[in-house]
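Novice: Below are the structure tokens for one structure; questions will follow.
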């Protein structure tokens with residue numbers, strides 16, 4: 001029973017829980033205690049160290065900024081203004097706080113306020129929906145568009161939008177890169193004739209892709225009132241991130257074990273069977289390695305693209321907060337940074353788990 | 001060359017046309033293989049003639065790089081012929097096909113399939129009209145014959161090399177080929193496993209009597225399995241140097257053969273040729 005549990009825990013990448021499970025069963029106490037020290041205590045200690053460094057760095061920056069302000073007040077307006085400034089900063093007044101790297105406690109406070117904000121907004125939304133439900137029914141019956149909530153999205157809404165965009169882009173990347181990769185991988189002529197195109201487009205920056213997609217989508221969606229910023233950002237994400245999958249698929253398909261191909265030849269498998277029974281399964285591990293890279297690239301460029309395309313999501317959240325320049329903007333940006341990082345990490349974990357699942361050689365992958 | 005002239009087979013060359021074709025399963029005529037290189041053509045094989053009878057087991061022995069594997073892959077249809085002719089039952093071959101089953105040096109199983117599915121892949125191709133149950137029975141029969149009763153549903157990647165090669169043997173026999181081509185199938189195994197697999201192979205072959213051509217480096221293996229041992233000269237321009245008939249009765253037991261007086265005569269003959 002718990003052997004199975006350990007297997008599952010290992011499989012989904014939570015291997016650090018293994019010594020706790022083993023210890024709770026009273027297995028090899030000493031060995032498992034050192035394992036716990038290595039796998040749990042040590043990472044916790046390093047996290048603590050990180051927060052300490054951050055705290056001291058933030059304090060140092062805060063002091064520098066504060067000193068600078070006091071000095072400036074002194075230079076411009078004399079001793080009295082400097083004293084006022086000192087008092088103002090010490091009193092914690094909002095409009096004279098030094099604007100610099102926020103401390104961990106400030107970031108935590110911002111995180112809580114963002115959650116609170118989300119609760120308020122979603123309550124607001126719910127109320128709005130209930131209020132308009134009857135009216136909307138009537139409007140639909142009359143053939144009119146229903147009234148929708150157009151208030152400010154909360155932080156959690158932004159996260160959900162970003163994840164939706166990244167998945168749309170990721171799916172687009174799969175549907176473009178895998179079939180093309182298989183076709184190119186199968187034919188050496190095609191490979192050599194298209195390779196230069198891939199090599200040239202692969203290193204192109206996300207910004208340029210965004211502009212290219214913008215040019216095309218803007219013209220195509222001129223007459224429709226569809227949400228073009230979403231379309232633009234997910235297509236750009238797909239185009240930026242698909243290259244890893246494309247290259248890996250081509251490689252996987254073109255390097256299928258020669259002996260296995262000979263077996264297919266001797267058995268006289270038809271082209272369809274050859275592709276679906278032999279070539280695709282045998283290149284699946286490489287394709288999934290590519291997909292994993294694609295997803296992490298997609299998440300990375302998504303933030304930049306949202307930031308530029310002004311489409312809703314975490315990227316524009318960061319950009320708006322930066323432009324906003326409110327007192328807690330900086331700490332909100334840091335909250336967004338951690339959220340982006342953690343979601344990216346989780347996405348990678350999910351892909352790794354799937355990759356392990358399809359890989360027929362269980363020793364492969366890491 | 002003494003033994004060659006002693007050949008008691010009534011069915012080679014001297015026979016009249018009808019009998020000749022009725023007994024010859026695999027016919028190589030004036031076979032030639034040339035690889036073009038920047039420095040001019042490299043002739044691997046030239047003027048290679050060999051007739052292999054129905055239900056005959058022939059082993060081919062020779063030094064590394066003499067073109068044995070090239071010859072076998074030409075028979076399999078995986079490697080184009082430069083000149084000459086290969087025919088199976090007097091029909092010239094056109095590319096690879098399931099009438100010539102191949103057991104490769106590496107097991108070359110699909111690692112993502114189970115052993116049963118690996119064998120099934122070929123069986124489905126050869127018996128498309130058979131019912132699923134029938135096909136499964138064929139696969140299971142041959143897998144049991146090679147000693148894999150308990151491993152039908154194991155993934156090929158979970159098996160040891162020796163086990164995998166057993167699946168390779170089952171897969172080749174299950175498609176009921178006219179000719180079985182074996183390209184040093186036990187070359188990568190340790191000597192204990194090799195012995196086991198030789199027994200497995202010869203046991204299933206004794207039942208099926210499928211004409212077999214096997215390449216080997218191992219003199220003992222060549223004698224133990226074969227009706228005739230074909231010795232090839234070293235390349236380039238390799239051809240058949242000598243043919244030795246092994247006249248032990250079948251079914252053979254390893255122990256009896258090793259104790260037989262002729263065994264050392266055969267062995268000496270082969271080693272003399274190879275060291276020559």
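Glycine is no exception: its Cβ is also placed from the backbone N, Cα and C atoms.
Annotation comment: TrEMBL describes A:40-62, A:159-184, A:196-217, A:229-251, A:284-309, A:329-347 as transmembrane segment. Residues or ranges marked as domain 'ABC transmembrane type-1' in TrEMBL: A:159-351.
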Novice: Where, among A:40-62, A:196-217, A:284-309, A:329-347, do we find the most CB pairs under 8 A to the transmembrane segment (A:229-251)?
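Specialist: Looking only at A:40-62, A:196-217, A:284-309, A:329-347, the most contacts with the transmembrane segment (A:229-251) come from A:284-309.
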Novice: Any chance the transmembrane segment (A:329-347) and the transmembrane segment (A:40-62) have 3 or more Cβ pairs under 8 A, given the pairs are 6 or more apart in sequence?
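Specialist: Since fewer than 3 Cβ pairs under 8 Å link them, the transmembrane segment (A:329-347) and the transmembrane segment (A:40-62) do not come into contact.
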Novice: Give residue numbers and ranges for long-range contacts of the transmembrane segment (A:196-217): same chain, 6 or more residues beyond its ends, CB-CB under 8 A.
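Specialist: Hits for the transmembrane segment (A:196-217): 228, 231-233, 235-236, 239-240, 243, 246-247, 250, 301, 304-305, 308-309.
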